[in-house]
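J.: Structure in structure tokens, see below.
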Amino acid sequence: MAEAEKGLATTGSKEGNGTEEISLKDKGNEFFKAGNYLKAAALYTQAIKLDPSNPTLYSNRAAAFLQLVKLNKALADAETTIKLNPQWEKGYFRKGCVLEGMERYDDALATFQIALQHNPQSTEVSRKIKRISQLARDKKRAQEVQSMKSNVDMAKHLETLKSEMSEKLGSEECFEDMFSFLVETMETAVKSWHEASKVDPRVYFFLDKEKTQTDKYAPVVNIDKAFESPHTHSNCFSFLRQYADDSFSKAACLVVPKNIISYPQVWKGQGSRKWKHGQHDGFFVQYESHFMRKIWFIASTNEKGQTLCRDPDVLDIGAHEVLPRLFKEKP
């Protein structure tokens, strides 16, 4: 934090008051340097009563209030400092520091730039401008990240797929319901990842409302053991294929975190042309139906201390399938 003003204040008050005011100010500075900001502010207040038109005293008290995190009071004193001496760089510097404390970085930057106009040689102000510029960029990016986390919209990333489904299925196959099923499954997975940095390995089934025995077949199957070995993988696949058939499911959607996959490691040995995500954490989403098979990888990054899912990246399912085909292909 900035130090209190060291220069002596002058006063136009009655004879004898000037000396008392100077003494109060100097004592306030001593308490400020010692870290006793509350006492310093009290002494500056006493000095202001003796000399209410002295900008240095308001500047000093603003610095003390800032240290005490009394930001509104600090801002008021900084504004008074500027009003009493509009040409003095220190008033703008004080105001900029307070606005920084309020995280009003754009306003702080503008204020520090005014300070620099009044004192172009000030390295202190120049350093502040550099720092605030970075803080403003960081805050803007953090807000963008939070907005991306809060406004998950997978449908916009799957518009091409929706058109493809429409062409293949037509209205009689209720492609819109199937598309919504995929979108909702993906959005639920993304939100889970944002909240806990994980998703549960599961297969979600789009059941036939008219044919499925819902008391016997649930819409979600856990597959947390499926990727431990070729044996568990094969057994899981066989079970899921039979489950899809017996439950009269129209489609299925697999959600699997990359970090649990020991077998098959679908990104290994594919080369950088096919695998573009390096060592990024994330999860796979594989869509299965009689008419269509698709797979995406949703990479995860950490930005400004927040976990963020990137846009889904469609992969070659022939090279990266997490499980083999679950539904018999229809022409």
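Here the Cβ of each residue, glycine as well, is placed from N, Cα and C on the backbone.
Unlike curated entries, TrEMBL annotations are predicted automatically.
Residues annotated as region 'Disordered' in TrEMBL: 1-21. Taken from TrEMBL, the feature repeat 'TPR' applies to 21-54, 89-122.
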J.: Against which stretches of its own chain does the repeat 'TPR' (89-122) lie, if we need a Cβ under 8 Å and a gap of at least six residues from its ends?
T.: 1-2, 5, 55-56, 59, 62-63, 66, 69, 71, 74-75, 77-79, 81-82, 128-129, 132-133, 135-136, 139
J.: For the repeat 'TPR' (89-122), what's the mean pLDDT in this predicted model?
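T.: Mean model confidence (pLDDT) across the repeat 'TPR' (89-122) is 95.
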